[in-house]
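Colleague: In case it's useful when we look at the structure, here is the feature table from TrEMBL:
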COMPBIAS  49-59  compositional bias 'Acidic residues'
DOMAIN    101-273  domain 'Yip1'
REGION    39-59  region 'Disordered'
TRANSMEM  120-141  transmembrane segment
TRANSMEM  161-185  transmembrane segment
TRANSMEM  197-222  transmembrane segment
TRANSMEM  228-250  transmembrane segment
TRANSMEM  257-281  transmembrane segment
Amino acid sequence: ITCLVMYLFAEFDDAANLLAANPDATTISIDEPVEIPKNQHSHLQESGREEDDELLGTDDSDKTELLAGQKKSAPFWTFEYYQTFFDVDTYQVLDRIKGSVFPVPGKNFVRLYIRSNPDLYGPFWICATLVFTIAVSGNLSNFFIHLGKPTYHYVPEFRKVSIAATTIYAYAWLVPLALWGFLMWRNSKVMNIVSYSFLEIVCVYGYSLFVYIPTAILWIIPQKVVRWVLMVFSLCLSGSVLVMTFWPAVRDDNRRVAVATVATILLLHALLAVGCLAYFFDAPELDISAPVIPAPIIPAHNGTTVITKSH
């Protein structure tokens, strides 16, 4: 302890001698904060922001990586390529379903919900659910129509599942493919036409079919008037989504071509709804409660035949 005290006094004596030799010398106190020059402080802030951008992945860093060619998509024959089409969460899917059921006038469905991250998860499962809903509801509707008739025996028609699957998936893929090809062709003719990718068009058609799922359940009601009213209401909702999405893409084209394109889209959409309702729910009913019995032929004694009526 004595040595330490002597050492501290020696240090103080040296500091006093330095101050006596140079009174203008600057001293630093332990209690005073160290000031950093402004230019050095701003430089540190900019370097910190750059580090944050690299960690968070801001738009500038993404653009830089894209320009540098560092981000490369996986080849189409790999699983990672198709995995990106299903990279959505539940909130995104529910938000897109809500947007297809409650369309907002003047709002483009692609720009509002799809363009940031188009997916195939929602369209695939919506079509699959609609297939089984139509097939099951069609069988139940046939059962309720003939319920109570003594000569009727219920037999489930499993072929309706395959017919519904072929119809729904063909419509959800072939019609968007034809529309995408048509828009690409018109885009080569008219330069200012809005273009959509094939995935975006499939996504719009897939989500527009969701409204038919609850409608198909309500089609079990054995009243033709109620069924057709529900069909028209669902057609108006889903058709409005298609019109508000694809009309901006063709409105700058020739007037006749634009109107014909939108009319064709609505016509094909209406044919799907009317065809499903007519085939699976409003099939012609056969009168099987009173089967026809052939009249017996009774030979007469005078060589003529007598046909008796049977009831």
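Positions of Cβ are set from backbone N, Cα and C atoms, glycine also.
Fair warning: this is a prediction, and the values are worked out from it, not measured in the lab.
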Colleague: Averaging the per-residue pLDDT over the domain 'Yip1' (101-273), what integer do you get?
Modeller: 89
Colleague: In the same chain, which residue numbers or ranges, 6 or more beyond the ends of the transmembrane segment (228-250), come under 8 angstroms Cβ to Cβ?
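Modeller: Beyond its ends, the transmembrane segment (228-250) has Cβ neighbours at 99-101, 103, 105-110, 179, 183, 186, 193-196, 204-205, 207-209, 211-212, 215, 218-219, 257-258, 261-262, 265-266, 269-270, 273-274, 277.
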Colleague: Six or more residues beyond either end and a Cβ under 8 Å away: which residues meet both conditions relative to the transmembrane segment (120-141)?
Modeller: 85-86, 88, 93, 96-97, 156-157, 160-161, 164-165, 168-169, 172, 199, 202-203, 205-207, 209-210, 212-213, 216-217, 219-220, 222, 276, 280-281
Colleague: What parts of the chain pack near the transmembrane segment (161-185), using Cβ distances under 8 Å and only residues at least 6 beyond its ends?
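Modeller: Residues 123, 127, 130-132, 134-135, 138, 193, 195-198, 201-202, 204-206, 209, 246, 249-250, 261, 265, 268, 272, 275-276, 279-280 contact the transmembrane segment (161-185) from elsewhere in the chain.
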